[in-house]
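K.L.:
One structure, as structure tokens, below. Some questions next.
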Amino acid sequence: MQIEKFYYDNKIVKAFGLATIVFGIVGMLAGLWAAIQIYYPASSLNLPATTFGRMRPLHTNAIIFAFVGNASFAGIYYSLQRLCKARMFSDKLSWVHFWGWQLIIAAAAITLLMGKTTGKEYAELEWPIDIAITLVWVIFGINMFGTIIKRREKHLYVAIWFYIATWVTVALLHIVNSVEIPVSFMKSYSWYAGVQDALVQWWYGHNAVAFFLTTPVLGLMYYFLPKAANRPVYSYRLSIIHFWALIFIYIWAGPHHLLYTALPDWAQSLGVVFSIMLIAPSWGGMLNGLFTLRGAWDKVKEDPVLKFMVVAITCYGMATFEGPLLSLKNVNAISHFSDWTIAHVHIGGLGWNGFLAFAILYYMIPKMWGTELYSKKLAQNHFWLGTIGIILYAVPLYWAGFEQSLMWKSFTPEGQLRFQFMETVTNIIPMYVSRSVGGGLYLVGALMMVYNLYKTMVKGTFIPNEAAEAAPMIKETHAKKEYWHRVIERRPVTLLVLSLIVVAIGGAIEFLPTFLVKSNVPTIASVKPYTPLELQGRDIYLREGCYTCHSQMVRPFRDEVARYGEYSKAGEFVYDHPFQWGSKRTGPDLAREGGKYPDSWHYNHMYDPRSMSPGSVMPQYPWLLDDALDTASTPAKIRAMRTLGVPYPDGYDKIANRDLMQQADSIAASLKRDKIKTPSNVEIIALIAYLQRLGTDIKTDPAKAEAATVNP
Amino acid sequence: MFSLFNKRINYRIAFAAVFLMAGIQPALAADGPSDSIFGNPLALAMLAVMALLAIVIGVLAYVLLGVADMRLQERKKSKETGATVPAVLLLLFLTIAPTVFAQEETTESATAAAASIGGLDATSFYVMNGVILLEFLIIMVLLVNIRILIKKEQAKLLEAGLSVEEVRELKKTKLNWWDKMNRMKPMSQEADIVLHHEYDGIRELDNRLPPWWLYGFYMTIVFAVIYLWRFHVSHTAPSSEEEYIASVTKADMEIREYLKKKGDAVDENTVTLLSSSDDLSEGKSIFQKSCASCHKESGGGDVGPNLTDDFWMHGNDIKSVFKTIRYGVNAMPQWQNQYSNKQIAQVASYVKSLHGTNPPAAKPPQGVEIKDEAVVDSTQAVVTKE
């Protein structure tokens, strides 16, 4: 048999690796900045771009898509070539993929800071960027499959199964969740509304965690861990079972982000049970990782790569055990909307994703530069600093979340809420401080890695094309009986199609009834579309990322009804493109904000929140008081909404601005009565209109009705 | 033969525990969601702990039986029979433990509520705690036993004149409790299970699935079926809405009882102007915390109206002011969920005490003029205006 000589492409791996490092640091800095703003609001600098509501999407997008994304691509390009015994299918496609992805990241950073957002978490990027992501993802897919097709290794190793499932599922998630109708360049409305939008969004949001932050990283673990430990993978059959079970079950669990909301109960229950069933498949990955180290634990003491991996895998195990527990309704009642969730995701983000990315960088870079790591000691210090950082980050936030939530729920024996919202915030400020210290340490550790890797690169010489040789794949007939799964492992397309079918089932069963069966979203006659001014105000609410700190979902709990008002009903959100239920209450819920305070309160509060509620940690929004409202966009927005089925009358787009000005004038007049002089065409007027509308469609307040009769 | 029997019985115990928990749940909850202990988070947490500890016991027992069995066979070889006694005792203990556990659980439903602890009746609370304590004890006993057996094993090897390194080598061929728990092959036999392929130098073993993992997986599936059954088929578990109604009803009852006992039933019909300095300073501190942002610390008005002049929008007698604060009017928020009636009376009295203080930069008058001397209520105020 003729042995073939060929070369692995290290240059593309180097490019993705460097991008990982750069965007990792950028993403962590953005996170640290956002974390500091929570207890030191002045650090928003009173600039639109650096305010929390825009920094937080920048942080999440940078970490997920730029840091972990690039790390996964680096690891996949490195391992896929070696597991297929082939160079990447096309160098050209590799580079189109690389530069395409970096351009998307740059565009994302710019547009997010400009406030261009769809308002859906982790899917904030606007429609032109969504299209670019789709194209680049397809190119990545062609390149990956091309490589698999021309492989010299007959069977696909487990890491590649995970890569394939990742590719096909992320494509599905991204396309379905990004269906939106463009209003202009960089502005669109989600195709779905209210409950349906929430279900699709969290199906996406949850599975972005599953298929962007978990499955590709598990694939990397399956390659880099046995390589670094020089041990065989623990169990082949465990790989098979946990792979298929994981991708099948994961996709169902999205609704656990919507427990006790207006989502139909049956969908919530599916979210709960599939989350519980997810424990074992997730742990299968952890066990296969940790057990592979059997007999190599002495190496773990020495080798920083293995050290990082062990903590990463352990964090994965903890996060995937905690996740299902948080999906139980009675635990979720406490944890949801609090900092508990933030702590939970950072065990996954800092521990699992961050540490595994560090591990593969520490592994690949010395290898590709043909040298040893510059300083093992520095890497050990990075390890300890990072680990302490994670603990200092997470523990105070767990505490904060638990304590604040219990304070929210606490009543006096007379039946009054024991704490006002502000008291529950002031109480956990020290925990917020500690969290940012932990995050800071973690960042310092990462900077140590940058220095260490830089020195390593200087020390060695980069090998752009690494020589390798292997026999070509022979097409032999398999007469002898073999394990059924081996057959699938020879057939990448079958594997792809099977993965797609397996992940499509859960989504379909949850979506179809919610969309088709009317009783799932009972209509409420008094719920009317937003007025043009309110619609414009709502877009400002989206632009400033208010949803990153304020929910709009009163859950059916005694304390929430007492604090905010009647609990939210599914029918209230039918015109909400996109929904704005939020996922965190750094500030109070706003679902019933309308009519709670005078217009002038909102005006002063936006200018300086602390003037109206002392101790508030909300940033200032001074620009809203000066910037003119863009009324030119109104007709296009009304037309888009009509296309989506919002019942504005025929031709309303032409006269919408007339109504808009009328309402704006009336708000300006009401402000004037409270000694505030303002023109009526500024953004704050639109935002006040929106806030005063929130939740008033079905607001029935007996005391108010009574008061109305008393006062003519 | 003996070891086979052991293994089987162990699985049986594990399964029995699962079905026990599963079976009891709907049975207990059958009498309606409202008075089920399964609506109580404390009870659920304790049940979860109980179940978890039961699993730990199962696993440890499995390990201990395995280790004991090894020793037993060795002794048999050396014609000693003493070891059967502890092994049999242990088996007895294990089979009894879950039964006790089961009996204790069923008694809970029978006991009537005496005193309540965390929303649970006291008997349930103590029984459940007792079970947890018992489970901890069992775990301790098991751990101590395992430790002793392992120590003996090691001492024997060292006694036999082997060096520490040799013992370590020997360990590779032997299984410790960890390996047994996960059904691992000894390291020395790895060659038997290594698969005949490699990917870039990575080989794969074909170890069996760790049994605790596999049975854990089955248990979560059983949980899922029971969960869906209870919530959507038998309706023995409450929907979100039912849960809400139950919690509010319960809270209302508790509040009513509390207020009856306390005899503090001030409301807008019975409230009177308070004048003691204690009440006013209490009222002042609430005012500063919750009212000053709109009405200014001086009461001179900002976003909200001036409270120090003769002009009132919703009446100026203590009952009207009390009512305005308690229920809110238009842009004025309601405070009944934040402050008790007594506290509202204190704030209302404090507001009344601000009259005529003439603070600087006060807001121009809003509402109708009501001279303070005239005691009029809000309905009369309207008449005055007309």
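Quick reminder: no glycine exception, Cβ is built from N, Cα and C everywhere.
Summarising the annotation, TrEMBL assigns domain 'Cytochrome oxidase subunit I profile' to A:1-462. The domain 'Cytochrome c' feature in TrEMBL is assigned to A:532-695. Here TrEMBL flags A:12-40, A:60-80, A:92-115, A:127-149, A:156-176, A:202-224, A:236-253, A:273-293, A:341-363, A:383-401, A:432-454, A:493-516 (among others) as transmembrane segment.
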K.L.:
Going along the chain, which residues at least six beyond the ends of the transmembrane segment (A:273-293) come within the CB cut-off of under 8 Å?
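P.N.:
Same-chain contacts beyond the flanks: 218, 221-222, 225-226, 229, 231-235, 238-239, 241-242, 245-246, 249-250, 252-253, 256, 299-300, 306, 309-310, 313-314, 316-317, 320-321, 323-324, 327-328, 506.
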K.L.:
In terms of Cβ proximity under 8 Å, which residues at least six beyond the ends of the transmembrane segment (A:493-516) contact it?
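P.N.:
Residues 145, 156, 161, 164-165, 167-169, 172, 176, 195-196, 199-200, 203, 244, 247-252, 254-255, 264, 266-267, 270, 274 contact the transmembrane segment (A:493-516) from elsewhere in the chain.
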K.L.:
Going along the chain, which residues at least six beyond the ends of the transmembrane segment (A:127-149) come within the CB cut-off of under 8 Å?
P.N.:
73, 76, 80-81, 84, 86-90, 93-94, 96-97, 100-101, 103-104, 107-108, 111, 118, 156, 160, 163-164, 167, 170-171, 174-175, 178, 180, 182, 185-186, 188, 492, 496
K.L.:
For the transmembrane segment (A:60-80), what are the same-chain contacts with Cβ under 8 Å, counting residues 6+ beyond its ends?
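P.N.:
That would be 9-10, 12-13, 16-17, 19-20, 23-24, 26-28, 30-31, 88, 94, 97-98, 101, 104-105, 108-109, 112, 121-122, 124-125, 140, 144, 147-148, 159-160, 163, 166, 208, 212-213, 216-217, 219-220, 223-224, 349, 353-354, 356-357, 360-361, 364.
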K.L.:
Among A:12-40, A:156-176, A:202-224, A:341-363, which stretch has the most Cβ pairs under 8 Å to the transmembrane segment (A:236-253)?
P.N.:
A:202-224
K.L.:
Please work out whether the transmembrane segment (A:12-40) lies in contact with the transmembrane segment (A:202-224), by counting C-beta pairs under 8 angstroms that are 6 or more apart in sequence and asking whether there are at least 3.
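P.N.:
Output no: the transmembrane segment (A:12-40) is apart from the transmembrane segment (A:202-224).
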